């Protein structure tokens, strides 16, 4: 009896230790302490605000990536799509002189179109997600570079400069938009039938089909959502830099995947924590900021991120084995 209680307590302690929130929070604290001691400016209010502001770029795209991953798929096009969508937004604002609403609408429509194509290839035509989204990654980057002739489109009109400068509570307006999007997705995944269907499809596609869920529609929808959120990320970047560049999101796809993996989003689909995801996004941005503060070379930064991704996947494997063991007992 006593042994059984101890085993259950040990199991609960292990679950807490391996939970996404706990396993990420500790490294964040360690990174902040070490970097803060080495570079006191790291802990300044201005730098904290800068970290929170930079969360919006990778973070917004990662929100879309997370929903795709929960459905059992992956989207490698989010980075280059963000650059392409930003180019469409920039062209509407600078070249065509359209009003702000139409500029945003064109950018979002471009993102939805990219997502629609991804959904068509993967959900409808049955292409492997890796190949399909890798192809759209190259296509969107190529089209974006062709439209812009390889140079940034800018500067943006004064309206967008004012948006970039405005900082209520010391934070960018775009940060609050990001939080609103996060809350919306949190509600979608936790409190709606749509969220339940997404998780069901990711967990067991055949069981979802037998339950009457339109798997094709669900997967098509999550890719469109990912495309739209990639567009939001690209628009945010263009506004911040006052110019749109097709090269903005290069490499972002791997950072979004890493943030999702660190946050506990399963590569197999069917499960994931929106709270863990938010902490994962924060972790990636704190790490990037710390590495830059410590003057770590960019190639070394990529090695570190790769190692962290491997560690995150290993933690997921251990967590899955522990859950399977607890169910068996």
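Placement of Cβ uses the backbone N, Cα and C atoms for every residue, glycine included.
TrEMBL annotations:
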- 16-37: transmembrane segment (TRANSMEM)
- 43-64: transmembrane segment (TRANSMEM)
- 76-98: transmembrane segment (TRANSMEM)
- 104-123: transmembrane segment (TRANSMEM)
- 130-149: transmembrane segment (TRANSMEM)
- 169-189: transmembrane segment (TRANSMEM)
- 220-244: transmembrane segment (TRANSMEM)
- 300-318: transmembrane segment (TRANSMEM)
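Between the transmembrane segment (76-98) and the transmembrane segment (130-149), the number of CB pairs under 8 angstroms, six or more residues apart, is three or more, so the stretches are in contact.
Below 8 angstroms of C-beta separation, residues 56-58, 60-61, 63-65, 67-68, 70-71, 73, 75, 77-79, 81-87, 89-91, 94, 104, 107-108, 110-116, 118-120, 122-124, 148, 152-156, 160-161, 163-164, 172, 174, 177-178, 181, 198, 252 of the same chain, each at least six residues beyond the ends of the transmembrane segment (220-244), sit close to that stretch.
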